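Before any comments, here is the structure.
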Amino acid sequence: MIQGYRQPRHLIKQTIDSILPVYDCSAPVVDMIHNTATPTILGCGNVTFSGNLSNNDICIFLRSMNATCEPVVAEQFKSINAEFGYLCDDARYVKHSISIELAGAMIGALTFGQISDRFGRRMTLLFALSGLSLFGALSSFSGGLIEFVIIRFVTGIFNGASMSVLNVFTFENLPQRYRLWLNTLLTWSPNFVLFALLAYYSEDWRTLARATSGITLPAIVLLLVVTSIVHYGLLFNMEKLSGSLYWNLVYTGIIRYTFNIVAGALDRTFSCVGRRFIHLGSHVFVSGTIGAVVFINLFDGSHSMDTVIRILVLCGVSMTSQLYIVNVLCAAELFPTAIRNVADSQLAIWNRTGTVIAPQIFFLVSREKHFFSCCFSLLLVMNAASLIANFKFAQFVSV
């Protein structure tokens, strides 16, 4: 058996995958491409510069005018240079901010590498990513370049910390046969494309900084409560299914227990089956059943397949039981005795949050012809998003 392949790591996924570590690590570096972009000077006041003039000639003219006119610039992106007026020789100060931020990254890598060895990869990575997101957002409120540089220096420390810890954390938890192809697949490269789109629609550096930091928040909430929302969203609306309400509940209990026994037997019998396998497999199964219900409702106007829908929904509800089992089990295994109940309490809080939302699921859409499909589509999107985040952003944290 490959070392580390069956270690319990599910709760690490539940907290870390929601923070999108790959994107967060690359964002504070890539966004400086846009943040420090120097705009093209077209004129000054009523004076329009000839296209034959070099940037140096234009800057000499501006200095001779002694800032008595307002520069007219063309910008692809409203950068720090454009907002604070760093257009000529002083533009180098903005570029210096990149070096200062990356110096902070060096300090973070040096410091947090030792901290992670002392306190563990998971807690260190979670702390670093949280600080990275927080200070990235704070930088968008900077009133000047100096303030921006100071905040981004701290951001750099957390960025260096997250990058150094994430690499080792990923390596330690991936089976050997997965390490190469997953590390080549889940890299910074796709984020350049995503970040270009984000910067294009942000249009200015402040919005970009906030969007970069805030983009993780929906994933945090979604991944913490999605299991309860899907489970109780279906369970508390069981009267929408065909057949007896009582028998549906009986069938749910029987199917749930059957799935529980099968999952336990598989984990006991096959070395390749562990908590990660059960968790991801359950997500795939639930997404498949909900997706099938949506498809049938959209294309079966005669309702001739109500029994099939009934079976699919009951199976989907029952499979979510495995997610709860893995959550609770890993919380007990991962945390030391002193804080084990605190960890379990956090699970319970987010579980109850999903439970509170779940009964309202079928009332979040209009009661029109396809409202039933819309409800299940909502559940499908939420569960699929959770699956994708676990699959991609957790870097296949192995169990």
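Heads up, the Cβ atoms here are built off N, Cα and C, so glycines get one too.
Residues or ranges marked as domain 'Major facilitator superfamily (MFS) profile' by TrEMBL: 43-399. The feature transmembrane segment is assigned by TrEMBL to 124-143, 149-169, 181-201, 213-234, 246-266, 278-299, 311-335, 347-364, 371-391.
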Recorded stretches the transmembrane segment (311-335) and the transmembrane segment (124-143) touching, at least 3 CB pairs under 8 Å: no
Long-range Cβ neighbours of the transmembrane segment (246-266) (under 8 Å; 6 or more residues past either end): 235, 238, 273, 278, 310, 314-315, 317-319, 321-322, 325
